[in-house]
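Trainee: This is the structure I have questions about; it appears just below.
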């Protein structure tokens, strides 16, 4: 029944570590409004609203320049969730009033107290405006954020313990700041408190995480913008500690034990390094920033210039789009026309961006030898691509479609999923079904006939996706998808069958039995369900045997001490008589 298909994702949301909207300098809200729980009021004169969910007894609120730490969930007005730090399990940190986030956040969060929870309704003018933030936020969208202010601290105290103090001498540009994997280029001069120079560079490049000179440099550059110049006061624990550092061949003076340092530091530039996959096996280093904010989505047609090299850095195995009369290399995303790692990396690029992509074998050519046009790639090879994204044409988003187009797009994704499923490509098929559902997930604007078609497509896509999840051994997700179907069609035997199958695999035998019995009530002659019922009975017998053995062993162990005590008592009795 898993293969018995009804024949009637968009790119995952990026984690907005810092939301990219420039802010005006003027502030509309400088004080915290007094609210009772459940009350809502407007902040400023631009339509920003705040509703208090949980109050706090403290009175102080953060100021511009403070680093705040929040948990949040962002939704559209129709309830569609587009982002959540709570789902990721990691609070979001940013510097208040510096343009790191949309203006509605900067204005709203400065009215909050530590521990407070509030819901902000943010009009498009204070959010992402006329352009929106594709693919998750449509143009002219009013947003709602459920925000909890966890903590904040002054960015002047970088580490929170007084170990590194930062004084900004020259403000940097824009709002971006380097992260752990980025390669920064800095200039610095380090001095003892008496002015003795103990370290200097007119230009050095290093990875933030790996550091350079002393731990304070890595801590500091993560708080700096491009072009920013600062004076750091560095305590020993972030300098050279209790042992100091000896002089080096007359080139650098010694650093005494427990010395405090003064460091002039300039962040000249950096190359952004991105972990494309969660397992860090596809890494992208941006050599040249791209234009705008849009990136290719699944189904997009992209054009590239690329050079592929082996790990030795000299062996070129592919080169496309670089000759004067040569057209860029073209492929369609999610059609297996290139290796998985390259495809994933390109989906995170902007038009005109140039990047160096490092791809481990799992996302490249695997454990087999692969003959490419210019060289043979040995088994288990890590490969490197230098890629320029020349242009791309995105697949149409759902909000750019009318209702009929959305239904047709959903049907097309379902058919594509069916083809992939029959070819045994279950993960890719699952993505097609998920994308199909997204087109028609919200159908409030559909007429009655369109709603019926939409419902049938949602049932088919979720049902077939559940079959994919069973094949991929993702049994919990298979059960969830089957439940979605049953919420729309409570007598759907296939959904009961697939959920029962999932429950059997997760050892939820009581739940599996309920689904199987219900399915047989509706369709007593269904062979597949009968086979599943047989499997259930066998599993129940197996578990009963295990339980019987377990309790038998446990009972034996409980009785053993009593037997031993009895024997000892008998022995003592004999000894006494003797």
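Backbone N, Cα and C atoms are what each Cβ position is placed from, and that goes for glycine too.
Pasting the relevant annotations from Swiss-Prot:
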COMPBIAS  1-30  compositional bias 'Acidic residues'
DOMAIN    65-153  domain 'PPIase FKBP-type 1'
DOMAIN    181-271  domain 'PPIase FKBP-type 2'
DOMAIN    299-393  domain 'PPIase FKBP-type 3'
REGION    1-32  region 'Disordered'
REPEAT    410-443  repeat 'TPR 1'
REPEAT    493-526  repeat 'TPR 3'
Trainee: Using a Cβ cut-off of under 8 Å, list the residues of the same chain at least 6 residues beyond the repeat 'TPR 3' (493-526) that approach it.
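Mentor: Non-local partners: 1-2, 4, 463, 466-467, 469-470, 473, 475-476, 478-479, 481-483, 485-486, 532-533, 535-536, 539-540, 543.
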Trainee: What is the number of residues in the repeat 'TPR 3' (493-526) that are helix, strand and coil, as DSSP sees it?
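Mentor: In the repeat 'TPR 3' (493-526), the DSSP-based counts are 27 helix, 0 strand, 7 coil.
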Trainee: Per DSSP, what is the residue count of the domain 'PPIase FKBP-type 2' (181-271) in each of helix, strand and coil?
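Mentor: DSSP classes over the domain 'PPIase FKBP-type 2' (181-271) add up to 10 helix, 45 strand, 36 coil.
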Trainee: Give the residue counts of the domain 'PPIase FKBP-type 3' (299-393) per reduced DSSP state, in the order helix, strand, coil.
Mentor: 10 helix, 39 strand, 46 coil
Trainee: By DSSP assignment, list the helix, strand and coil residue numbers for the domain 'PPIase FKBP-type 1' (65-153), in that order.
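Mentor: Breakdown, helix to coil: 14 helix, 38 strand, 37 coil.
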